[in-house]
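Chemist: Quick one: the structure is below, questions incoming.
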Amino acid sequence: MSKKYDAGVKEYRDTYWTPDYVPLDTDLLACFKCTGQEGVPREEVAAAVAAESSTGTWSTVWSELLTDLEFYKGRCYRIEDVPGDKESFYAFIAYPLDLFEEGSITNVLTSLVGNVFGFKALRHLRLEDIRFPMAFIKTCGGPPQGIVVERDRLNKYGRPLLGCTIKPKLGLSGKNYGRVVYECLRGGLDLTKDDENINSQPFQRWRDRFEFVAEAVKLAQQETGEVKGHYLNCTATTPEEMYERAEFAKELDMPIIMHDYITGGFTANTGLANWCRKNGMLLHIHRAMHAVIDRHPKHGIHFRVLAKCLRLSGGDQLHTGTVVGKLEGDRQTTLGYIDNLRESFVPEDRTRGNFFDQDWGSMPGVFAVASGGIHVWHMPALLAIFGDDSCLQFGGGTHGHPWGSAAGAAANRVALEACVKARNAGREIEKESRDILMEAAKHSPELAIALETWKEIKFEFDTVDKLDVQ
């Protein structure tokens, strides 16, 4: 052993910087944005990331001789400049598939964004994108039902789904909460939603909410003749309680439940998605806490990665921002991760932030959910950006209507159908948005009042996290 093993510390780049390596189809590929400490060569920083996120440690160890390090190690195979940023660079790293447990997003993230993010040689580190190989994708369950099945279950075709979050999101009793749900659904919405932080608080225990909401949904269905639904948030203190809530929602014959996938965790989310698949339930996903992770342009995980991981872990709908509302997200970036939620193949396109080709095979797609600070004036832009396979959710833009939630729901429904009709007739709905909405308002006093109420409301703030393109 002494002839083959040299104790001590050697530079990471001696082992993990392999510029001649050609990635395999079965490799998991990752793109990191790296900002190293002053004086540390790029190759050493990039190799350190590859090492610490795969097989390496700070010292040479004798037990390397007990395995095939050349087979298992991560390899940094390319370094690129970041446009407009002299401090940072992109490091492209290939990981052999055998480093990861089959179907486990939890395991993938534990490796790629684990201890390496606290590495002293780095000032900042951001995971920009992942190329999941088909060999890994085939081990993941993915969306419990997917876009096509969800449309069939809800009997909604040819337009986006229309919904809203119940407001105020905290403080209502179960009965009053159910009353608001009923008003929204009878007014014309397809779906209503628990907010992310409604679980089972003293003012409203989860079982009361579920029962009153189920009553409201069924009454609205009887009155309108349409299929209605409400996202019942099953996020809970323990997995056991989460499944208990899901089972009760099923007993009440509710079509869809909800989970906060980042705060709840990927293990819980994958388990709940598997349960939904077996029990014929739809699963709505909220992304609470995402901005803590993805908003800093140099450190963390880009949301496109979190969106890809959700499609693999399982969810039928995912919040993606709005572009035009109150939440962060520019148009091209948002379209980039919407593509990865819905399409079967997404090509590399740096103008949309996609660093790799991504083949999703036959995995079902996920509805993109636009929610946060939107109202009727935004409807043409939302339809143009998100298309039909989306869910447009107006919280304040429903409940803030001067005539109440039912009128707000009616205004949104009329606005949506007017925009869809105009688009189908070949009109440029973004350029002609005012004419389309004002024309529809002639036949809808609810829409006319909504247009007047929100005519001055805009959220014109610059995006913090911008695409690195010139």
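Residue positions begin at 1 at the first shown residue.
Including glycine, each Cβ sits where the backbone N, Cα and C put it.
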Chemist: Looking at Swiss-Prot, which one out of Arg287, Arg295, Arg342 binds substrate in the same site as Asn115, Thr165, Lys169, His319, Ser371?
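Modeler: Among Arg287, Arg295, Arg342, only Arg287 appears alongside Asn115, Thr165, Lys169, His319, Ser371 as substrate-binding in Swiss-Prot.
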Chemist: Distance between His319 (substrate binding site) and Lys167 (active site, proton acceptor) at the Cα atoms, whole Å?
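Modeler: With distance taken Cα to Cα, Lys167 (active site, proton acceptor) is 18 Å from His319 (substrate binding site).
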Chemist: Let me check the 10 A CB neighbour count of Thr165 (substrate binding site). How many other CB atoms are there?
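Modeler: Cβ-Cβ neighbours of Thr165 (substrate binding site) within 10 Å number 22.
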Chemist: Other than its own, how many Cβ atoms are within 10 Å of the Cβ belonging to Glu196 (Mg(2+) binding site)?
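Modeler: For Glu196 (Mg(2+) binding site), the count of other Cβ atoms within 10 Å is 20.
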Chemist: When you average the Cβ positions of Lys193, Asp195, Glu196 for the Mg(2+) site, which other residues in that chain have a Cβ within 8 Å of that mean position?
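Modeler: These residues sit around the Mg(2+) site: Thr165, Ile166, Lys169, Asp194, Asn197, Ile198, Tyr231, Asn233, Met258, His286.
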Chemist: Ten-angstrom check, please: count other Cβ atoms within 10 Å of the Cβ of Ser371 (substrate binding site), all chains counted.
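Modeler: Within a 10 Å radius of the Cβ of Ser371 (substrate binding site) lie 23 other Cβ atoms.
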Chemist: Would you list, in sequence order, the recorded positions among Lys167, His286, Ser371 whose CA lies within 10 Å of the CA of Asp195 (Mg(2+) binding site)?
Modeler: Lys167, His286
Chemist: Using a Cβ cut-off under 8 Å and a sequence separation of 6 or more, which residues in the same chain sit near Lys167 (active site, proton acceptor)?
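Modeler: Result: Val180, Asp195, Gly395, Gly396, His399.
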Chemist: State the Cα to Cα distance, in Å, between Asn115 (substrate binding site) and Glu196 (Mg(2+) binding site), rounded to an integer.
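Modeler: Spelling it out, the Cα of Asn115 (substrate binding site) and the Cα of Glu196 (Mg(2+) binding site) are 29 Å apart.
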